[in-house]
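Student: Below are the features I grabbed from Swiss-Prot:
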BINDING   Gly169, Asp170, Arg171, Gln172, Thr173, Gly174, Lys175, Thr176  ATP binding site
SITE      Ser373  site 'Required for activity'
Amino acid sequence: MQLNSTEISELIKKRIAQFDVVSEARNTGTIVSVSDGIIRIHGLSEVMQGEMIALPTGRFAMALNLERDSVGAVVMGPYTDLAEGMEVQCTGRILEVPVGRGLLGRVVNTLGQPIDGKGEIKNDGFSPVEVIAPGVIDRKSVDQPVQTGYKAVDSMVPIGRGQRELIIGDRQTGKTALAIDAIINQRDSGVKCIYVAVGQKASTIANVVRKLEENGALANTIVVAASASESAALQYLAPYAGCAMGEYFRDRGEDALIVYDDLSKQAVAYRQISLLLRRPPGREAYPGDVFYLHSRLLERAARVNEEYVENFTKGEVKGKTGSLTALPIIETQAGDVSAFVPTNVISITDGQIFLESNLFNAGVRPAVNPGISVSRVGGAAQTKAVKKLAGGIRTALAQYRELAAFAQFASDLDDATRKQLSHGEKVTELLKQKQYAPLSVAEQAVILFAVEFGYLDDVELNKIADFETALLDYANRTNTEFMQELTKSGDYNDEIKNTLKGILDNFKANNTW
């Protein structure tokens, strides 16, 4: 078939009209040095602070130092396959992690990728890891409790929804155990949990996941793992990634609890990155912005008001407040709470639970020191029953500690002093609690009622644990409906007081332990 010149001309014009050229401008640069997980890049003149830089290996680096003629970036993962001369390019976006209900029950890394071998995660979208915390106007005061299930914590240092309560102590004093038990106790409360493991052994994280699964709490929990074998960049970013996952629930009018285990290791990872980037070191070789590192993270834990939730969800959720409660963990060296990072985090949080190695070694577990443990806002959130009945506990323990110090030197003590010492010993014994055995509000109320109204006076010290077990068994068996109702309401009035009195009177009259 022959085409004449007119047809050829028309065909060419048609093809030209259909021809579509898309030009794409990309900001590229060249790696000039690679060392210890840090790369220096020449070029990238338009890169943003914190921007993701695409590497030729398929991984990403994060721009942290923007200098006059080069960019210092930290590699998100292994860096041994990178070399000088490789070309990299800007992505125009900052780090985002997947968020949503699909992450519940899963173990993910800092980037939100599954590492538990259970297949892909169906997420509801992505959220930036760095988000500005809610403002003053968007917040609401803390007045709802987060029950940890520990008598010592819920009675003396109560935690409210939206609070930041620091758990601080030396290594091997039960910090993680307390946080894990708090997560386990939320399995029926509707509070979603996020556990962020920073710089821990992979075997330790696996053990935590197994315990959560055994106790039926994993289905309600997201585990974000940045183990000791991960790069410093992933350890530094893990708490922010976990926080973004928790904010998904907070901003939709739900309650979430996040545990950072622990922020000491995150600070060490950030110090490592900063020193490798040649930022000037300050006290204990930490960079000058280590306070801001933790404050911008912990300020994101808040209770937000109904308007905030309604605006965020564009009217889909109305009349609901959301909260993100944070339990950061800090490890001290030889009980030194005046070190740089511990003092920073103490000043940022709304109180601290101080765990003491001396108490732990003496068998007092949880090893809470009631003298210096405090909750600055949790009192308003405490359930009425526990608040009313726990008033004398802290005083009894304070008097006991003071008298016990003098009693070491005095041989003959008067009856009143002896009675106070005996009462203090029994209260200390009663506040001991096994791991993975959280108590309900009603169970705590029964025990605190026994302390407050002298039902322990004729019980021998070595029989306190048996007394408690038998009492709770009796109360749950004979007054099931009342116990369930009290746990649900947390109220305290004359009727409840009389019922509790009846339970204890009947128990003391009819039981031996």
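Every residue number used here counts from 1 along the chain in the order it is shown.
In case you wondered, yes, glycine gets a Cβ from its N, Cα and C as well.
Relative to the rest of the structure, where do these features sit?
Tutor: Long-range Cβ neighbours of Lys175 (ATP binding site) (same chain, at least 6 residues apart, Cβ-Cβ under 8 Å): Ile167, Ile168, Gly169, Asp261, Asp262, Ile329, Glu331, Leu355.
DSSP assigns Ser373 (site 'Required for activity') to coil, not to a helix or a strand. Listed in sequence order, Met156, Val157, Gly351, Gln352, Ile353, Phe354 are the same-chain residues at least 6 apart in sequence whose CB falls under 8 Å from the CB of Ser373 (site 'Required for activity').
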Student: For each of Gln172, Thr173, Thr176, count the other CB atoms within 10 A of its CB; which of these binding-site residues has the top count?
Tutor: Thr173
Student: Where does Thr173 (ATP binding site) sit in the DSSP three-state scheme?
Tutor: coil
Student: May I have the list of same-chain residues other than Gly169, Asp170, Arg171, Gln172, Thr173, Gly174, Lys175, Thr176 whose Cβ is within 8 Å of the Cβ centroid of the recorded ATP site, in sequence order?
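Tutor: Other same-chain residues with Cβ inside the cutoff are Glu331, Leu355, Ser357, Phe360, Ala367.
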Student: Return the residues near Asp170 (ATP binding site) by Cβ distance under 8 Å, restricted to its own chain and a separation of at least 6 in sequence.
Tutor: Glu331, Thr332, Gln333, Ala334, Gly335, Leu355, Glu356, Ser357
Student: Find, among the binding-site residues listed as Gly169, Gly174, the one whose Cβ has the highest number of other Cβ atoms within 10 Å in the structure shown.
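Tutor: When each Cβ's neighbours within 10 Å are tallied, Gly169 leads.
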Student: Long-range same-chain neighbours of Arg171 (ATP binding site), Cβ under 8 Å, sequence gap at least 6?
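Tutor: The list for Arg171 (ATP binding site) reads Glu331, given in order along the sequence.
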